[in-house]
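Going by TrEMBL, these are the annotated features:
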ACT_SITE  His253  active site, proton acceptor
BINDING   84-86, Ser113, Gln135, Thr163, Lys229, Ser251, 284-288, 307-308  FMN binding site
BINDING   Tyr137, Arg172, His253, Arg256  glyoxylate binding site
DOMAIN    5-358  domain 'FMN hydroxy acid dehydrogenase'
Amino acid sequence: MLESGPEMSLVCLTDFQAHAREHLSKSTRDFIEGGADDSVTRDDNIAAFKRIRLRPRYLRDVSEVDTRTTIQGEEISAPICIAPTGFHCLVWPDGEMSTARAAQAAGICYITSTFASCSLEDIVIAAPEGLRWFQLYVHPDLQLNKQLIQRVESLGFKALVITLDAPVCGNRRHDIRNQLRRNLTLTDLQSPKKGNSIPYFQMTPISTSLCWNDLSWFQSITRLPIILKGILTKEDAELAVKHNVQGIIVSNHGGRQLDEVLASIDALTEVVAAVKGKIEVYLDGGVRTGNDVLKALALGARCIFLGRPILWGLAYKGEHGVKEVLNILTNEFHTSMALTGCRSVAEINRNLIQFSRL
């Protein structure tokens, strides 16, 4: 929770990061910012975007630039959506309810996490018209998965996002030093639903045995499109298509799981090539500017998902802080489109970029 100081002018996403660093407790800050092991991948997610250069085209009428696109057939105002992150009540009392309201106001998709600190029902009540997907950590007990999936379907969530890259938890040194897994309980999060006091490490055991052949079971119990989150290679992308899923989120879990894997933007190219346009491909990890969004779309992403910057916005001013983060990034993306000669997202293509030799 933050003290409200004098009004500051935050003009870019890293301003929100600096504000959060100053105002959040050390353990919360470390939980949000931390990566696995040496944080090589966490940092490379950001650095990799800066190795890509833009090739703008001029003398095009950019008096009207349209940032709208669709994901799984649903229109969004810009290809900038909210990735699943847990425990939003750590940084703002209303937690995920505020995040959902901001997403609804912005007209973009919010992927709600299995580790949400507000109930799914409260999140839906807070933003009944919002486009929501649900992120699932697969529980070892199939019946519990089935009950949860049926619940999210009945609550109007429009897709099921299955996280693949966490059969075990990554080695997050800051959390271990801070004994976070022992200390973090849902009551610490000032959740509007009192009475929960389940230690983080006991909350949701995650299946260590989930395999490709298990996907058919999920397809048999839900009509929701299934999106696989955490794919980084062409081999897994080809298997995703073979198993008839509807989308892939190219992601390395913000560099929090296996360190020293490819940056998301570097893995995107081979995944997009592998799926041959048969399913939509999205990206999360390292997006901080409008140029980053443009580069991801130029390399074939349908949209990007934001993780940490949403928490920075939430920590700044709740719903209004998240709205500001989304607004700043959308305005930057609008400018990037205009300055590269793109009037619509359909005009963003591979010819707009080249990989720098730096």
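In case you wondered, yes, glycine gets a Cβ from its N, Cα and C as well.
Cβ-based crowding with a 10 Å cutoff singles out Gly286 as the top-ranked of the binding-site residues Pro84, Gly86, Gly286. Listed in chain order, the extra residues whose Cβ falls within 8 Å of the Cβ center of the glyoxylate site residues Tyr137, Arg172, His253, Arg256 are Ala36, Asp165, Ala166, Cys169, Gly170, Gly254, Gln257. For His253 (active site, proton acceptor), the same-chain residues lying six or more positions away in sequence with a CB closer than 8 A to its CB are Thr163, Asp165, Ala166, Gly170, Gly230. If you take the Cα of Tyr137 (glyoxylate binding site) and the Cα of Asp284 (FMN binding site), they are about 17 angstrom apart, rounded to a whole number. Cβ neighbours within 10 Å of Lys229 (FMN binding site), excluding its own Cβ and spanning all shown chains: 25. Under a cutoff of 8 A between CB atoms, and with a sequence separation of 6+ in the same chain, the neighbours of Arg288 (FMN binding site) are Cys12, Leu13, Thr14, Ile46, Phe49, Pro309. Listed in sequence order, Gly34, Gly35, Ala36, Arg256 are the same-chain residues at least 6 apart in sequence whose CB falls under 8 Å from the CB of Arg172 (glyoxylate binding site). For the binding-site residues given as Tyr137, Asp284, the lowest number of other CB atoms within 10 Å of the residue's CB is seen at Tyr137. Among the residues Tyr137, Arg172, His253, Arg256 said to bind glyoxylate, no two Cα atoms are farther apart than 18 Å.
Within 10 Å of the C-beta atom of Arg256 (glyoxylate binding site) sit 23 other C-beta atoms, taking all shown protein chains into account. Spatially close to Arg308 (FMN binding site) yet at least six residues away along the chain are Gln17, Ile32, Glu33, Thr85, Gly254, judged by Cβ distances under 8 angstroms.
Under 8 Å, Cβ to Cβ, and six or more positions away along its own chain, Gln135 (FMN binding site) finds Pro84, Ile111, Thr112, Ser113, Thr114, Val161, Ile162, Thr163, Lys229.
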